[in-house]
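Step one of this worksheet: look at the structure below.
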Amino acid sequence: MSRARCHALFLAAVSPRGATTRVAVRRGLSAWPVLQEPDMEYQDAVRTLNTLQTNANYLEMVKRKRGDPQTQLEAMKLYLARSGLQVEDLDQLNIIHITGTKGKGSTCAFTERILRSYGLKTGFFSSPHLVQVRERIRINGQPISSELFTKHFWRLYHRLEETKDDSSCVSMPGYFRFLTLMAFHVFLQEKVDLAVLEVGIGGAYDCTNIIRKPVVCGITSLGIDHTGLLGDTMEKIAWQKGGIFKSGVPAFTVLQPDEPLAVLRDRAQQISCPLYLCPPLQALEEGGPPLTLGLEGEHQRSNAALALQVARCWLQQKGYQDAGELKASRPSLPGQLPLAPVFQPTPRMQQGLRHTEWPGRTQLLRRGPLTWYLDGAHTTSSMQACVRWFRQALHRCERPDSGSEVRVLLFNSTGDRDSAALLKLLQPCQFDYAIFCPNLAEMASTDNADQQNFTVTLDQVLLRCLAHQQHWSRLHEEQVSPDPWSTPGQEQDGPASLLLAPHPPHTHSASSLVFSCISHALQWITQGRDPLFQPPSPPRGLLAHPVADSGATVLQEAADIHVLVTGSLHLVGGVLKLLEPSLSQ
């Protein structure tokens, strides 16, 4: 049987029953076919979307034989044309394009919320999703409904199916490309006033970078991540991120190390892009009240400063008068980037910052004796910020009058990230237990397609969890360095201190466990003290460890249990799905 025939049979197996009328590709929004669709449920749509994920073995082959990245952008333009749009159609979306290594999602969230406070209808495309894939496409801050997602998914899927060439090596776009295309169509159909577009990976060759004329661009803090795709130095990564610059389109960035900042400056000059350096948020607060941010953590101030500049620039470009009164200008130093304006944030800007929500980033949930600290940090720099936030939050907590306090780490890391370096940063938090599990909500779960991931095998992720456990054990065996978070001469009980309150180690200190899925890990951590989770029945889901029983007793008797979930946004999403079942409705 031919490869094309096999592929056709496979698509028939996963596609919904029923047929659609074939139509020729026509440009513009009017090109949608009139579909006679059967009752296609949301989960069916997501399962079909998941067939566009690259299987693990094929993904490895692609990495070894990666072609010209510029060709990938040309392919994306072809997909766009097959979907019924041309690149120039995207100009009307008034796009804000944001990239960076850390904080780009939070910066997008701040920016979107600020502009929504002006009464504008906003679109927001982000990745990854935490619980449901429809979170990636938002209108006015809310994920599109299951019904709207399903409708747009099948329209786009059938359009691409009808226009594919079976002789082509790539007949359908991959998962992320498909969702990017879908976001463009949703935003145009919903007639948003603007679209905030978060880059997937990198910038220069990311599929979001097919846009021609964004209104403004932003680059958040840079760091080392996705080295297999972007390069293994800050300079190489900065070059990739600067690829979103467009001639004549204003761009803003935050303070970066000298070398990558120089790369961004040179890249902007080559492209004739006016690039500005954002003053710190403190400069915008001078002479006015301190700004309250809806997202916790000191590192969010940098993201908020960038969001304010980007939002103000967008408002000015679109002729809005109420965009913040300028303060005294600060001259730029010779050879450095020009500084962005220092202005007084308007009441609507302040409101937007205050009401920003972005789940899974410095998020805190209290449920009885358990407090969950959720942050998807996955680079060394973002993990430093996560640890600082976690320790400051613990410092503010009231200590129990009686009973013990237990600290638990729930961790996973994926891809080519250096998990040993991340775990070393977490060690000074004095965890009693370190729990490792894959980003799999439940074992053998087929009822929720949103959480399915075909790009890795179960064997691979479990072996990686065991490697995390070994790294953690070695760190404690080596009795690593004094606390890197303390400052010489700093008073341990001072208000600015990051040192934790005294936390006498238990006899099981630094113990670690590996579970086969998130659900089993949460059952063990909660020990029946959360009505959502039944007490575990050892050794269900547990790769055997001698301290499981003794640890269960400690958790059952503890007055307070503090759980930090970090290392992967997908892990955080799986935990949120189980802690907040309403998010899956």
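Note that Cβ sites are derived from N, Cα and C of the backbone, with glycine treated the same way.
The candidate list D68, D89, D375 contains one residue that Swiss-Prot assigns to the ATP site with G103, K104, G105, S106, R361, namely D375.
Cβ neighbour count for E198 (Mg(2+) 1 binding site) (all protein chains, 10 Å cutoff from its Cβ): 23. A Cα-Cα distance of 15 Å separates H226 (Mg(2+) 2 binding site) from S127 (Mg(2+) 1 binding site).
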